[in-house]
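Shown next, in C-alpha cells, is the structure this report addresses.
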C-alpha cells in the first residue's frame, strides 16, 4: 500500500513537468514549422519569379533595341527626340478622342498592330541575343542588347515585370479571400469606391482622366530617373524654413499682443478704449527702444574670449611665480634664473620690486648664528685682498638697478634701536647692508641712491613700521602680505649727501670702505670683519 501510494505521488509529481516539456516541444515544433513554411514560400516565390522572368525574356529578347530606345525617350536622354515623341502622342490621343470611332474599333486596331509587329519582327529586327535562356541576367547579354549601364536591360525589365505580376496576383488572392470571409464589409467598400468614381466621372470628363493617366505614364520615368522631386525639395527647403520661422514669430507676436491686451483690459478702469490704445502703443515703442538687438555670434565670441582671459590678481600671482602670462592664452613656464640674470626693464617695476623683496627677506631671515659664536678678532688683510672683486661685484649690481631710486626693504627683523635719536630699521643683522655699502654705492654711481638701514629720527611721532626690539637670537615672525606692502611704502625716506655724511660721522665709519652689493649677503671673512666694525660702531655710539 505504501509503495503504491509512493508510486502514485511520483506520477502526480511528474505530471506538471511532463506537461511543461510537452508544451515547450509543441511551441518549438510550431515555430520551426512556421519558419520552414516561410522559407518554403520564399523559395517557391523566387522560383516562380525566375520562371516568369525567363518566359518574358524569351518573348522580348528580339525587342531589346526597341525597348532601349523607348527607355531613352521616356527618360529624356535626348530632349529633342523626347519632345517630338511627346507631341506626337498628344496629337494622336486628341485625334482619337475627337473621332467618332468606337472604343471596340480602337481596341481591335491596337491588337492588329501588335500581331503584325510580332509577325514582321524577325525581318526588321534581327535577333542579336546569343546567351542561353537559363542565364537571363548575364552581363554579356546586357552589353549585346545595346542598353546603357544607367538604363534597364531586358533581363532586369523582365524580372521587375515578373515581380509586379506576382505581387498583383497575391493581392488579388487576398482580396478574394477577404470577400469570402467578410462579404458585408467587402460589399460596403466596393460600393463606396464605385460611388466615388461615379461622382468623379460626373464632374471630370473621362477623356481628361485618360489624358492625365497618359501624362503620368510619360513623365513618371523622367521624374524618377533625374530625381526631380529631391532636387526641388533641396532648393525649396531654405525658403520653407524661413517661411516657417517667420510664421512662428508672427504667431508668437500676435499671441503676446493678445495676452497684453487682456492684462491691460483687466487692470484698466472702466473707461474709454482709445486712451488704452494710445498707452499701449507708447509702452510698446518705449520697450522697443530699451530692448537692443543681440547678435548671437558676437555674443558667443565675446563670452568665449572673456572666459579665456585671466584676472589681474591671477596674472600678478603667475608673474611672481615665474610664469610668462599673456591675455587669452595659457601661462607658459619660463626659467626664473634667466629672468633674474637679465636687466630689469623700466616697464616692469612691480616684478623687480617683488624679486628684490624676496632676496632681501632670504638674506635677513637667516642670521649667521654660527658666526656669532666665533672669535671677534679678525684681520683686515682679507678685506684688502678682496677689494677688487667687491668693486667689480658692486658695479655689476649697481648697473642692474632698474631706476635711480632703487629701494631695499629693511623692515623684517629688528635687532634694537640705537640711541642718540637714530632709529634703525627693523631689518636683520646689520652686516647684511652696512652704511659703508651705502656710501660706497653713492661714490660709485652718484645718480643712484639706496636708503641706509638707519634713518635719522626727524619725525616727532614714531613711524608705525618700527617694530619693538626683539633679542638677536629669537627670529621675528613674518608679517602678512598686506602689511608688507603698507610697510614697504612707509619705511623709505630719501636722504641727501649731507645727511649721509653726518650719519657716517656719528657712527665713526670711514667713507673709503669698498661697497658691497645690497642684494647679496657677504661671504667668507668679510662677514666677520663687518660684524667687528658694526660692534665698534655701536660701542662708539653708546653714551
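A Cβ is built for glycine as well, from the same backbone N, Cα and C atoms used for every other residue.
The phosphoserine entry in Swiss-Prot, when matched to the candidates 131, 145, 344, 354, corresponds to 344. Per Swiss-Prot, the residue annotated phosphoserine among 324, 385, 529 is 385. In Swiss-Prot, the feature phosphoserine is attached to one residue out of 311, 316, 326, namely 311. The DSSP breakdown of the compositional bias 'Basic residues' (254-265), given as helix, strand and coil counts, is 12 helix, 0 strand, 0 coil. Non-local neighbours of the transmembrane segment (204-224) in the same chain are 71, 74-76, 86, 89, 93, 97; each lies 6+ residues outside the stretch with a CB under 8 Å from one of its CB atoms.
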